[in-house]
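J.: One structure is given below, represented as structure tokens, and several questions about it will come after.
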């Protein structure tokens, strides 16, 4: 009996739908070009329409797309076959049986059945797919903007704008045939996260609206989106060509959004639109700015005051008439009333006689707070609202109607009910009130090579022609160009890249020789082995600094092909990302102020001991005072970040299985060994079933009973968009990024618990108080696509245990641990009488990704991997103490004896003016003495106005905010206490770097807004209130700020006491009508009183006053 081919097809069940796959064709022993030709040959059909499986031992593959001679003998010469001449079932999906297997943001993965064979296809369009099963999931159209995959997990949270099916051609040992946009190739399918790609320029528009930017691109189409980190933006992509204006909404300006456009990313800074509009409208007028910014509060207060008095009068007048309403409201709020009255007996600031509120002085009212009896000491002992004793509580039942009426009618209860009524009426009233061209190669004059086209073209290039439009011949000593359109021949000197001897690596022809001449051997090799379908002519890659080779691979990524994961990760870095440069290093306006007193004097230096809690965002502004110095000197310590650095080792990557590709072969007779002759063992995920030919399960022309075998393998399609990388923890170290500013300049540095930081005048060290965060040495952690770290039950490498961590892959999706052979629990098979056999794959290898729900998220803050071996995890709690030792020479606090001499003065700046980022300046000079100095400069404000100059070389980092370019302007260095000794430093150079960030970078009002925020901050106001007590507090050393607070509290109480006395006297004077009562001075004298009739009365005059004793 002869072995016979079967039209086997595969039925794969995954999720809630079946998946069908075609036979795999395999010949992986030849190079990449021959593999594609092998696939094309297998698609040829014979005259009967039967698909033939070619015999590996006899098949011959010819160069230049030639196929072997036909077995029928009809042709005696090789025939050149074009790809377009081959039958392509993927393009005929509308007339064939097809099924949609996966839909991404940019393409679709579907399969078509033709003559009993299933073909896998990927397409960027939905043309002719309307009749396919599952077509209801298709969108109206796919996005056509250029994108490239994101293989670096850290970038997915910020840059991902959707998903796309890709073909990975680098995994040669696991490839299978696939068609992408009708182009056949061998590879593996993978679903990847993607980001925009392309040349895009982001610039601020010079119009009145300061929230509008302009986006410009030389490409035919480009995409942009304003994305909040971690959000899904696949349905918010906006495409454009040329240029477009974008106006940010108030929601976009919350400091958590990024503008993504092509290869660039720009963070939308935090901007309060209401504040910025007022700053611009009322520039340089802080009172109008304050009124404008807080207008809503002023308006609310004014309306509330206008509404309050009429409502108050109405409620007081109707409280007795509408007592039923108050009873109903009291019944609703009875628990609250009961609690308030109960707690009042324990309130310390109440009068012991009448029970009313008493702060300092108090005049008792006629009625007690219970509003029932007269106020007296005897009644206060009986009043249940004032006194709480066990005997009195027994007399009252809190659920009785008597107790209810008592609680409702107390002064506390009645005031509460009136307040609730006033609030409800107020809300009711207020609610009704209105409120370039891509990289090309030129021969000599008008003949070019353009990526994506395998023909020589002229400068009239529109699309890739069918034949050469010109020709470029590389000779030994010259280059000859022939233009077929103009019949002009030009000869020029040999100017190729030297030393490009690569004949053994490439197949030479005229075009390849020319490409090697202009770009070198490496590019010529990939040009021949990895062609481009679409050259993306307008894309230059200048933003990412791509050379010819890297630009070619980037365009391959745009075409849906991943060649090398390592190169792809390098392309993941985004240009123009001003995320860090926008953040102010030291936001000192929100820090508390302290006076710093020296701890000791060592070798003529004042030693200051500073201790700060190791907490992110904390800091202190220290003032250094000395009797000999005229002004206090400022020293700012800012703990910018506190985080734990974990050193890890990468174990593997795991990802969910999106679908499965299966190939198998059936024999009528024989065993597995016979089947394996046609379907060799691949090394993993192989299977073989025998017998598969028996009564009721035979194929046509097969009469065998209890014979035959079905063997094959399966390959998974992984969803790398949801991949996790598994690491093992090796080591943990606490690190802190600390910034200092003040008279020692401005700089940021990193302090580790292992290595202290020492520079200039200070030394910084960490006293760690590590909190256990659940991560231990040797523990496995998972880094997810959301940039968070997870811990839990995770399988170790090469461990088949049923825990999260399978399938185990390399970071590029290459299986590194899997089953060699599938057992009976992993698959099932079925057949029909005189029909086709089907294989159902239950599980193609280990799959435990669903167990990710059992993992625990370690931190709410996303982590950032610095490389594959370490990452940082920020902490929101204190990790210990930061200790700084500051040693300052005593000369800094003394008046200089002479005018200092500065030499080798250098002052250079770079950055922008009229922007919030400012100019970052580096100053250096050599001084002959040590002194403290003040800095001033016209048209500029400085990050620090005081510096400490030491004898010898000095270097400082300063930030200047200027209204104009300060180049060639003078900075005045004024020694402490004597302006006559001032020296000047000239600004040597200013490199203006206008960042491509937006809104506040080119805004002339940015500095004014910063100044307003600083002047109106809570800390500034609090410091202003305490300032009258600075003189007294300065005598208490390090308790300076504490003494100021204590004195302020005492002053407030004294003022309240005085005001209370004055108010009591005035109230009594008015209440007793003393201003109407005459004072009758009657000591020993008397007056004649009139008789009852009132007649004959004589009044005695008062004797004259005697002033002799005065």
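Yeah, the Cβs are placed from backbone N, Cα and C, and that goes for glycine too.
What you are looking at is a predicted structure, and each value in this text was computed from that prediction instead of being measured.
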J.: Of the residue ranges 1003-1023, 1024-1044, 1045-1065, which one carries the transmembrane segment annotation in Swiss-Prot?
T.: 1045-1065
J.: Looking at 46, 294, which is the one Swiss-Prot tags with N-linked glycosylation site?
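T.: The N-linked glycosylation site feature in Swiss-Prot corresponds to 46.
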J.: If you check Swiss-Prot, which of 316, 566 turns up marked as N-linked glycosylation site?
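T.: When Swiss-Prot is consulted, N-linked glycosylation site appears for 566.
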J.: What residue among 957, 1072 has an entry for N-linked glycosylation site in Swiss-Prot?
T.: 957
J.: To which of the residue ranges 153-171, 172-190, 191-209 does Swiss-Prot assign the term region 'Non-covalent dimerization'?
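T.: Comparing 153-171, 172-190, 191-209 with Swiss-Prot, region 'Non-covalent dimerization' matches 153-171.
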J.: Please give the average pLDDT for the region 'Non-covalent dimerization' (153-171) in this predicted model.
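T.: Summarising the region 'Non-covalent dimerization' (153-171) by its mean pLDDT gives 82.
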J.: Quick one: among the glycosylation sites 92, 186, 957, which has the most Cβ atoms sitting within 10 Å of its own Cβ?
T.: 186
J.: Can you break down the region 'Non-covalent dimerization' (153-171) into helix, strand and coil residue counts using DSSP?
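T.: Counts, helix then strand then coil: 7 helix, 7 strand, 5 coil.
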J.: Within 10 Å of the Cβ of residue 132 (disulfide bond), how many other Cβ atoms can you find? Include all protein chains, please.
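T.: Residue 132 (disulfide bond) is surrounded by 23 other Cβ atoms within 10 Å.
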J.: According to DSSP, does residue 90 (disulfide bond) sit in a helix, a strand, or coil?
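T.: Assignment for residue 90 (disulfide bond) reads helix.
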J.: Could you give the Cα-Cα distance between residue 957 (N-linked glycosylation site) and residue 90 (disulfide bond), in whole Å?
T.: 64
J.: Within 10 angstroms of the C-beta of residue 121 (disulfide bond), what count of other C-beta atoms is obtained when all protein chains are considered?
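T.: Other Cβ atoms within 10 Å of residue 121 (disulfide bond): 23.
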J.: Spatially, which candidate from the disulfide-bonded residues 98, 132, 261 is nearest to residue 186 (N-linked glycosylation site), comparing Cα atoms?
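T.: Nearest in space to residue 186 (N-linked glycosylation site), counting only the disulfide-bonded residues, is 98.
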J.: Quick check for the class: what is the C-alpha distance, in angstrom and rounded, between residue 121 (disulfide bond) and residue 132 (disulfide bond)?
T.: 13
J.: Restricting to the disulfide-bonded residues 98, 200, 261, which ones have a CA within 10 Å of the CA of residue 90 (disulfide bond)?
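T.: So the list reads 98.
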J.: Could you tally the C-beta atoms, other than its own, that fall within 10 angstroms of the C-beta of residue 90 (disulfide bond)?
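T.: Around residue 90 (disulfide bond), other Cβ atoms within 10 Å: 24.
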J.: Work out the three-state DSSP category of residue 261 (disulfide bond).
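T.: The residue in question, residue 261 (disulfide bond), is strand (DSSP, three-state).
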